[in-house]
Amino acid sequence: DDFKDLGFIDKQKAHVKEAVSKLTARSDSSLAGFVLDMFCTSMIDVAKELGVPYYIFFTSGAAFLGFLFYVQLIHDEQDADLTQFKDSDAELSVPSLANSLPARVLPASMLVKDRFYAFIRIIRGLREAKGIMVNTFMELESHALNSLKDDQSKIPPIYPVGPILKLSNQENDVGPEGSEIIEWLDDQPPSSVVFLCFGSMGGFDMDQAKEIACALEQSRHRFLWSLRRPPPKGKIETSTDYENLQEILPVGFSERTAGMGKVVGWAPQVAILEHPAIGGFVSHCGWNSILESIWFSVPIATWPLYAEQQFNAFTMVTELGLAVEIKMDYKKESEIILSADDIERGIKCVMEHHSEIRKRVKEMSDKSRKALMDDESSSFWLDRLIEDVINNLS
């Protein structure tokens, strides 16, 4: 169950209240409030008991936040239920999106009754917050952010304060396996390598791995491929490394591609995206990975797996024109095998050196860095947040 850990969080309320009470008792400072992840909204009760406001740090994009508010609103006002759209070809008109949203990219967990209602409870908690910090920036998601600001339903103040990324000290974080990867990249020409990496819970079994291998070999592009074992079906666990990658890959693949590619297990994603040899990124479209790829000006080919990643892929490809599609509505539980031809097509497209998408990603990369500078958009919203937190104390 995707939501089994929420019960565990709920059980920590008494402990959190005790810890915070002790902390404030020994300090001359007053408690300004709580900052909560959306899945920790059970801690709202603790904030209320302590008589302080709470704020949400939303780690996905503004378009998805707007989608959540829309879903909860039509449920509460019209008794609409997203589960009716399972396996549907319908399209939804969502205020935070400029284009109609295909039902096929809805998060799978929201198409199951009990999980859908758990989401509704969470979103109601978001509406009661004093403010919501979103890990995005105005120049990236202006339509979504403006729609949230103009929404007539009860939505708290929104603060686009991103991109918030962990970028520093990468040379100290990569470890021995990472160092070997970076040394290999040092020998590759600029923007010549396509990087395939699918997040902490992304992995593939032998059948899909063979199609990816075939696509890479056919594409004739240099590649760095982080290939990991998928979590057990139905389990929310991180991927693990294969003991022997050669048992998963086609016979002779490593020998035939020895001069053009490297297959590894775990890989230090940020340090790799930062490397000048990387020219494209086949990604699961986790929001952090999207922000990292934009920051380092690396275009994405979308291959979402779980959570809201299909929605993110739609946002990047259709809404923003910042990515190419391999498969926008792929879901890891579907057991569909993507063909080598489809994967190869996406790789060739994302690696085009003078494409419009590459140009747009470079422009957005510059904007993402500028947004964090003094007096620019995200800096402005961070200042506004601090002012509002101080004002809410009185």
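Positions of Cβ are set from backbone N, Cα and C atoms, glycine also.
Thr59 is the only one of Thr24, Thr41, Thr59 that Swiss-Prot places in the UDP-alpha-D-glucose site (with Ala267, Gln269, His284, Trp287, Asn288, Ser289, Glu292, Glu308, Gln309).
Across the fold, the C-alpha of Gln269 (UDP-alpha-D-glucose binding site) and the C-alpha of Asp37 (active site, charge relay) stand 23 Å from each other.
In the three-state DSSP scheme, Thr59 (UDP-alpha-D-glucose binding site) falls into the coil class.
With respect to their backbone Cα atoms, Ser289 (UDP-alpha-D-glucose binding site) and Asp37 (active site, charge relay) stand 18 Å from each other. DSSP gives Ser289 (UDP-alpha-D-glucose binding site) a helix state.
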